[in-house]
Amino acid sequence: MFFLLFFLSVTEVCDRPLVSSLPPSSFRSSSQLSTSHAPGFAKLNRRDGAGGWSPIISDRYQWLEVDLGERTKITAVATQGRYGSSDWLTSYLLMFSDTGHNWRQYRQEDSIGSFPGNSNADSVVHYKLQQPAIARFIRLIPLDWNPNGRIGLRLETYGCPYTSDVVSFDGGSSGLLYWLTSGLKRTSRDVVTLKFKALRNSGTLLQAEGQEGLSLSLELERGKLLLLLRKGRTSSTEPQRLVSLGSLLDDQHWHHVAVERRGSHLNLTVDKHTERVQIPAEFSHWISQKPVTSKKNFNGCLENLLYNGHNLIELAKNKKQQVTISGNVTFSCAEPVSVAVTFTGPESFLQLPGTTMSSSGGVSIGFQFRTWNKKGLLLSFELPQQGGVAWLYLSEARLQLQIHKSGASLNDGQWHSVELNSRQGRLTITVDKEERDSSQASPSFPVTVESHLFFGGKTQFNGSQKCRNLFSVFQGCMRLFTVDNQNLDLIKVQEKQLGNYSNLQIDICGIIDRCSPSPCEHGGPCSQSWTVFHCNCSDSGYSGATCHSSVYEQSCEAYKHNGNTSGHFYIDVDGSGPIKPQLVYCNMTEENTWMVIQHNNTELTRLRPFTGVNQYSIHFDYSSEEEQLLAVIKQSEHCEQELSYHCKMSRLLNTPEGSPLSWWFGGPGAGRVQTYWGGAQPGSQQCACGLQGDCVDLQHYCNCDADRMEWTEDSGLLTHKESLPVRSLVLGDIQRPGSEAVYRVGPLQCHGDRNFWNAAFFDKETSYLHFPTFHGELSADISFLFKTMASSGVFLENLGIKDFIRIELSSSTQVVFSFDVGNGPLEVRVESSFPLNDNRWHRVRAERNVKEASLRLDELPVATQEAPADGHFHLQLNSQLFIGGTASRQKGFRGCIRSLQLNGVTLDLEERAKITPGVQPGCPGHCSSYGSLCQNHGRCVERANGFHCDCNLSAYTGVFCQTEVSASFKSGTSVSYTFKEPYEMSRNSSALPSSIYSDMTLRGENVSLSFRTNQSPALLLYVSSYYREYLAVLINKHDKLEVRYKLDSSRDTEVLRSKVRSLANGQLHTVSIRRLTDSVSVQANSCALPLDPHCSLHIFYLAHFLSPESDDLDADLSRLASLGFTGCLSVVHFNTISPLKEALLRPNSSPVIITGPLAQSNCGSAASANSYSAENTHHLSDQSGSVGSGVPLVNSIRIDSALIGGTKLLYLCIFFTGLYL
């Protein structure tokens, strides 16, 4: 907020009565019940006549008007009913005017139009105006009155005299030129204040010259005030628009303007709205030059034009030399009388008399209108000779007569003139005559107007009823009505002497620009109709009625807890605050979630000596803006940035006692000089090796300072947040012959979200935290997470004298957002179909703005309540903000509240909880809410701030154990995983022991894997014991799946075959096998067998358990194994072991042996391409059994032994042709 200094020497008391001493002639009214009820009796506390004013009819078309005699400053209004009666007002409107015409409605807080009236005939209701009004005439319009009486009124207004100097310009070459005195001391501050009243919507108000041909001008353009910067002194120079303020400023009412320059900053204020802009340094002083001539000079009046306290109008009137007058300038403000009417709704219309055929054989109708609506009926009249009706209307902001169109963009709020002429059989419609936009039609009949002209939304012609719905209602203003070039007097219409009307506001244009200033935040474009505005938030990154709430999360940590994995995300660090969203990379592959912000050079960069260059300076430009960077660093728990210097005869910090030869800048803005290196402490002038004491030369604190001919390096992480990010490097010792250097500055990386995990636990209903008063006068958003086992409680409450705001858990399934801003309580409720007291985190987001209130719970649909039609009062709170409890007698909250943000600002619950009895900082126990994110048997592990998924018992990896572990196999690739007990392991074995301890007897197994291949036949899995019992999974020569079990050497092998063909088709297939004692079930491609006969395998029962007896290895399997496996194996799981994952991720610490090429890939992803379509397919010759013969590979199947259990020896090894176990 910027404040302007005005030149008032004393504070004047401005509250003296203005009405009580006026003569009766100063009062006018729409009507009077009798002479004793005349308006002259409407003086406060007077009992003359009938004790006040009453009109003949009590309706909303009545008014009472007072002429104060001259323009006066009005600060308050008081009303009273008619003495000794049942007649009083309960609400009313106030209008002000300088001329008795062109009234302006006074609005409280720019939105509320009505004033509260009386509750009886004698008490006085006094209302102080929030902003004083300057006017000569005041008009009061009754809205509601005692239903058991009629309109009755006595009133008083309070204020003081108002003095002003006025000058009028005709819009031609007239103007004032103020010459700065050459000897006047120049200051760094200039202030210009004025009021203006415009008779035309465009024109130059003010112009100031700077140095080197620069000029600033204030120009009115289509009712908006623009601050323009020009280079050069010709009007043809295209100006730069610095700012635009205000709207509808051509309404012939006074508007206040102030321009304050402080150095290179300039504040522009129009009425109550201020914008700050930067101007060129050449404008540090204003000078006088010949003004730029403008095609459109200002047409209207200026009042109290002050420059640094000098009254320029007074100087001009007194013909002082500093001010030069040019053109037609007068020191008064004569205004043309232009009576406008306002069409407010569906029943508004204006009926005016028509005309007969003129001697020229035609008719002429003219008027002006302004509106925001795209549609609306403007004019209709009867065609008596043809028995028809003509309609002139707006459709999609185009003017149409029946189906003929003219004009463009007519719903822009500007005045547009319309002329309808019929001459000699040709009908012409002209829109905005100055722009020469017209269309013509040639009807086959003469157009005459012999009865009535209807303007607005009502037609009363015979047979026209069925056509009324074709046209939308016109809402807007009209003026300057002419018929056959004769002006029509609307005051006579108001006095019922001419025509007729309904639901019109006469002698006032009540148009309001709801988009100035724009209620749309974060750059969302604003559009409007007569009654509402609309914000287009589609490209802003924000949502809601006013584009207030961000659609993005505030950190990578928040995205992770929504179930997202690594990738690029938009981050909005301050939610609904002013900082824009930024695109960052979220690395979620580690236990910590890293936010990565790149700059323009993160690669290793080589430097060599260059003639004449003693220092290299490298600047880094980040992908995020300055305020975004600083907010990320502040919000994160930890930030770091790699800083590396590889050197060859290139000293770095010149340790231990010399001046640094190189340094870097880090921190906010351009950064501060830093003379330490990565891995060391700020201010130490050391590198990491100096801190650790292991530099190559212990006499120095950096490796590079040893100045050796060999390559060495100083590298490490910068972790001091106040020094981040690195802004630039200055490298100085690279000019000597033989010097070389390579540097690298890594991206900025941060993890941890201090706001996201900021929490407090309320263990009693009477416990609470309190914070300063919440300020959300016109817009507010509140978001937080909660978890509880209680069925009700107040999350948040802030009270005022009458106003309040509250969010509560009203029942175990309902959250309520309620508030009162002076026009009655309003509630928004969201009902959940599931209990909310389940001790899991739930998210609440509430928002209130000038258009609506909304509440969202988790991902349930948003509940909304529209604001009252006449807008909101400001939310006026004065108590402390209570969190988890309440100042009233409501029930407090028991449970946890986390990440509480008000208007994008996080409240530090933890710090306040540390000093508050009954409230504990932090809130453990997150797996109950987020544990379901851990997939594929991953285990949720609690952390103080959050959780992580332990994937050790899963065949998958990744932040949520969601990433398949896959490998591409060639025909010569094999992997062996051996189970052994540590105390029974053979000493000469080359395999490492497994960490899994098996049962004495293997009573069953759970086996799953996915595969993708074009090879058939192919052995996928082989599990074998020392005694030659085995389990084999394979694709036979018919491209079908086979599962073979041999658990008794005295019996034949049990074979299960699928009925599904084409498993060797290069697509991804999944197999799951489960055995418990003598029961086996198999699933293929997620088909639960044998429910689907087309994909089922037989379920059978084994008659015997494993025995120590053994036979030779199955010859068919041996021949099949010799072929190897070409394809993809993925997520291989055997009981609690993931052998393929161990081989790929931990080959040196697991009991695995890898032979041949084994490459990790994403071939196991369902979305991955067919990586094996080009591989050779092996087909064996038809032999007995289901597989063919071939030459065995050397050691293709190893038989290793392991002790499983303690009493019964069972030697077991699991093999794959691609992967052996």
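Placement of Cβ uses the backbone N, Cα and C atoms for every residue, glycine included.
Between CYS923 and the candidates CYS896, CYS951, CYS961, TrEMBL records a disulfide bond only with CYS896. Remote same-chain residues near the domain 'EGF-like' (924-962) are listed as 557, 560-561, 563, 565-566, 588-589, 591, 593, 637, 752, 757, 787, 839-841, 1008, 1131-1133, 1136, 1138, 1140-1141, 1145 (criterion: CB distance under 8 Å, separation of at least six residues from the stretch ends). Around CYS923 (disulfide bond), a 10 Å sphere centred on its CB holds 25 further CB atoms from the protein chains shown.
The local packing around CYS896 (disulfide bond), expressed as other Cβ atoms within 10 Å of its Cβ over all shown chains, amounts to 23. The helix, strand and coil residue counts that DSSP assigns across the domain 'F5/8 type C' (14-160) are 9 helix, 69 strand, 69 coil. Mapped onto DSSP helix, strand and coil, the domain 'Fibrinogen C-terminal' (547-599) counts 5 helix, 18 strand, 30 coil.
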